[in-house]
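Trainee: Sharing a structure below in structure tokens format, with a few things to ask.
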Amino acid sequence: MTPWQAILLGVSAIFSTSILFVPAITTHHALNDSWVSAILATLAGFLLAEIQIRLQSYYPGQHLLSILRQTWGKLGWLIGLGYAFWFFHVTIEVFQEFTTILVAVFMPETPKMIFFLTILVPILYCLNLGIHTLARTAEIFLPVSFIFFVILALLALPNYQFDNLLPFLDRGFLPVLKGAVTPASWFAEIVCLSFLIYHGNQQTQRRGRKIGYGIIAICGFLFTINVIGIVSIFGPLYVRKLVFPTLSGARVISLFNFLERLESLFLSFWILTVFVKLAIWYWLTCFAIKDIFNLKSREVTIGLLLLPLMVASNYFLYDNISQLVAFLGGIWPVYTLLTFGFVIPFCLLLWLAGRKLLFPLLIFLLLLNSGCWSIKELNRRAVALGLAIDPGPGNTLRLTAEVIKPEQSAREVAPTQRRILVSSSGETIFAAARNLSLSVSRELYWGHVIAVLINEDLARENPGKLLDFFTRYPEIRENVWLFVTKGSAARFLAARPQFETSMAQQIGFLATTSGGYSLRLYQFINQWIDPEITPVLGLLELKGQNPVFGGLAVFDNSRLKGFLSVNEMRAYMWLINEIKNGAITIDLRNNKKLTVQIRLAECSKELVKSRPLTFKLKIRLKANLTEQQTHINLADPEAYKKVEKLLARDLTIRLNSTINKFKHWQVDPLGLGKTFHRQQHHLWHQYEKNWPDLIASSQILIQVNVNLENIGLTSQSFTREETR
């Protein structure tokens with residue numbers, strides 16, 4: 001085994017399953033500082049790797065179990081037996097995580113045992129071939145898998161909101177330390193390093209430190225960018241509620257409405273890395289038993305003997321996913337770090353090295369403060385593209401779905417006739433969705449839903465109660481568009497699409513190209529659960545047969561507070577840096593107009609003083625003149641400056657009008673609470689409870705800087721002056 005092969009096996013043995021549950025567990029404690037916890041856990045990993053490397057230096061060419069026996073005799077033999085049990089336990093946990101995600105998200109009707117047996121057979125085949133064959137195989141596939149994870153993080157960059165990582169350490173250092181414990185327990189699996197070096201060639205045994213540090217560095221880098229990515233996308237309060245946050249992050253990737261639905265690729269590469277991890281830990285279990293009892297049997301023979309126990313453990317260990325997550329986040333870190341992952345190797349090193357290494361090591365220690373059951377044939381399913389939720393009879397919900405019949409081609413029927421609308425009622429959304437089967441002969445597939453429309457009457461009550469189904473049901477994607485509708489939501493889906501095959505597709509393109517303010521499901525949930533910002537949703541109106549933006553719906557205390565007009569929505573977008581393009585038209589004297597095209601629009605918020613509460617919003621606009629109906633000669637520098645001042649004044653008036661409405665409503669859609677929290681985090685807890693009243697009485701200053709860069713091909717209009 002070469003050094004590079006040992007590094008790849010070590011990375012797979014640690015990182016593969018750390019991206020499943022660990023980010024949510026870490027974020028539960030550290031919230032927006034979870035990336036700091038990831039770095040601390042990585043530093044702890046270097047300490048754990050150094051312990052294994054130092055042990056190897058005292059007994060070159062030997063593995064951990066042999067060192068235990070030579071140092072502590074019969075006690076070392078008993079501890080080695082404990083290590084064999086721990087290796088077996090790690091293997092079981094990885095099997096559980098592997099089968100859980102497949103059943104919970106991808107194929108819920110397939111028994112877990114099918115997945116278990118499907119991957120167990122090739123693992124036993126690997127045991128038969130030996131660890132060196134596995135290492136050579138990993139050298140081919142694993143680099144591609146790890147690079148793919150980095151590419152996924154880069155593809156998700158357009159969805160990143162790095163403000164979600166702030167403020168820095170506002171809750172102190174203790175939550176960060178708590179958040180670092182669970183990932184540190186995964187890094188404790190670096191214990192496998194001793195056995196990888198033992199089975200390596202001479203070059204591998206000479207470069208143990210480089211191999212160990214390389215494993216931890218790669219794992220730490222991948223885990224840290226993973227945590228940064230998902231917290232930036234969803235926000236810490238949302239991440240802590242997710243079961244598989246990394247998978248959810250892969251599901252929101254959508255570039256140009258073309259490159260999306262990458263979770264299948266994510267799953268494929270993840271299965272490769274998990275397969276290698278399972279093979280390593282199953283092999284370690286068999287090797288440990290063989291070494292402890294001095295057996296002559298091959299590892300695969302021992303693996304076959306352990307098979308009934310492995311099957312029974314996988315079947316009876318956990319009743320549900322909640323028990324697994326609770327164990328991994330609570331018992332597992334303590335059990336691992338206080339026994340085989342850290343304490344035993346650390347005590348063994350102290351025994352060998354004497355007390356002279358105790359103090360520096362204590363300093364480092366502070367850093368720790370596919371089954372057939374689930375197959376879904378396309379000709380047995382109907383694809384839902386849009387969902388509308390309205391109040392139903394009594395206290396029920398009325399669910400309307402726009403459904404596409406996929407097998408009908410455009411030559412058979414007109415594109416708009418390929419869609420049908422089906423409706424049903426139920427006490428919950430899922431109950432209503434199940435009742436749709438009474439009117440549809442096929443099972444509905446929800447994975448292609450583009451837009452979800454919520455009736456304004458439901459929005460006035462509490463739209464939060466509608467969110468649970470969309471975040472819990474695995475077929476619904478986190479990046480669906482979410483809107484409030486004026487009047488019946490079903491009317492929008494019933495309208496005849498003008499340009500697209502379905503109305504849901506037309507609404508989806510409206511969300512991306514119209515210049516209105518649109519939110520995806522995960523973005524709205526991030527606002528909804530964040531106490532430092534008031535959530536908003538795009539408002540749709542129906543003009544004839546066309547859905548158009550009607551403004552914004554603003555919420556407060558889980559209920560609809562009111563609506564913003566289209567102009568107020570645009571002003572709001574200015575204030576939150578969502579203006580990417582567009583035009584501004586201002587009225588001059590005698591009803592003459594002037595229009596500029598926006599090239600760059602930026603807004604920055606800062607806290608001026610906390611008493612009285614004062615904020616300053618700085619707007620920077622770069623624009624090109626596209627049309628004017630006046631006789632202003634823009635070749636004159638003074639006239640040029642005058643136009644810039646007129647633009648700044650007009651924009652200031654528009655923004656102030658919207659801000660005054662927010663203050664009157666005592667709401668904070670601008671996220672000024674976030675700004676205050678980041679700049680004065682030690683005062684936030686004093687202001688938080690009275691924040692609506694403080695916003696109402698606050699002073700919000702607006703400073704607009706306009707730079708008119710280009711006036712086009714002419715300096716003056718050709719419009720003739722009117723004469724009487």
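Any Cβ shown, glycine's included, is placed from N, Cα and C.
Here's the feature list from TrEMBL:
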{"type": "TRANSMEM", "residues": "7-29", "note": "transmembrane segment"}
{"type": "TRANSMEM", "residues": "35-55", "note": "transmembrane segment"}
{"type": "TRANSMEM", "residues": "75-92", "note": "transmembrane segment"}
{"type": "TRANSMEM", "residues": "112-131", "note": "transmembrane segment"}
{"type": "TRANSMEM", "residues": "140-160", "note": "transmembrane segment"}
{"type": "TRANSMEM", "residues": "180-199", "note": "transmembrane segment"}
{"type": "TRANSMEM", "residues": "211-239", "note": "transmembrane segment"}
{"type": "TRANSMEM", "residues": "265-288", "note": "transmembrane segment"}
{"type": "TRANSMEM", "residues": "300-318", "note": "transmembrane segment"}
{"type": "TRANSMEM", "residues": "324-350", "note": "transmembrane segment"}
{"type": "TRANSMEM", "residues": "357-376", "note": "transmembrane segment"}
{"type": "DOMAIN", "residues": "376-541", "note": "domain 'Spore germination protein N-terminal'"}
{"type": "DOMAIN", "residues": "551-712", "note": "domain 'Spore germination GerAC-like C-terminal'"}
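Describe the structural context of these features.
Mentor: Using a Cβ-Cβ cut-off under 8 Å and counting only residues 6 or more beyond its ends in the same chain, the transmembrane segment (75-92) has close neighbours at 64-65, 67-69, 189, 191, 278, 281-282, 284-285, 288-289, 291-292, 306, 310, 313-314, 317, 336, 339-340, 344.
Below 8 angstroms of C-beta separation, residues 1, 95, 98-100, 102-103, 137, 199, 271, 275, 278-280, 282-283, 286, 298-300, 303-304, 307, 310-311, 314-315, 370-371, 373 of the same chain, each at least six residues beyond the ends of the transmembrane segment (112-131), sit close to that stretch.
Taking Cβ pairs closer than 8 Å, the transmembrane segment (140-160) reaches residues 8, 11-12, 15, 19, 218, 222, 225-226, 229, 232-233, 249-250, 252-253, 255, 259, 262, 265-266, 269-270, 272-273, 276 in its own chain, all 6 or more past its ends.
Long-range contacts of the transmembrane segment (180-199) within its own chain (CB-CB distance under 8 A, at least 6 residues past either end) are made by residues 1, 6, 9-10, 13-14, 17-18, 22, 25-26, 30, 37-38, 40-42, 44-45, 48-49, 52-53, 55-56, 61-64, 67, 83, 90, 131-132, 205, 208, 211-212, 215-216, 219-220, 223, 280-281, 284, 287, 328-329, 332-333, 336-337, 340-342, 345, 368.
Within its own chain, the transmembrane segment (211-239) has Cβ neighbours under 8 Å at 3, 6-7, 10-11, 14-15, 18-19, 22-24, 26-27, 30-32, 34-35, 37-39, 41-42, 45-46, 48-50, 52-53, 146, 149-150, 153, 156, 159-162, 164-165, 183, 187, 190, 193, 196-197, 204, 245-246, 248-249, 252, 522, 525-526, 529-530, counting only residues six or more beyond its boundaries.
Outside the transmembrane segment (300-318) by six or more residues, the chain places 88, 91-92, 95-96, 99, 112-113, 116, 120, 123-124, 127-128, 282-283, 285-286, 289-290, 324, 327 with a CB less than 8 A from a CB of the stretch.
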Trainee: Can you tell me which parts of the same chain pack against the transmembrane segment (324-350), counting only residues 6+ beyond its ends and a CB-CB cutoff under 8 A?
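Mentor: Contacts with the transmembrane segment (324-350): 21-22, 25, 28, 48, 51-52, 54-55, 64, 67-68, 71-72, 79, 82-83, 86, 93, 96-97, 100, 181-182, 184-185, 188-189, 191, 243, 318, 357-358, 361, 368.
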Trainee: At a C-beta cut-off of under 8 Å, are there same-chain residues at least 6 beyond the transmembrane segment (35-55) that contact it? List them, or none.
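Mentor: For the transmembrane segment (35-55), the far contacts come to 26, 29, 64, 67, 165, 168-169, 176-184, 186-188, 190-191, 193-194, 208-209, 212-213, 215-217, 219-221, 223-224, 227-228, 231, 341-342, 345-346, 348-349, 352-353, 361, 364-365, 367-368.
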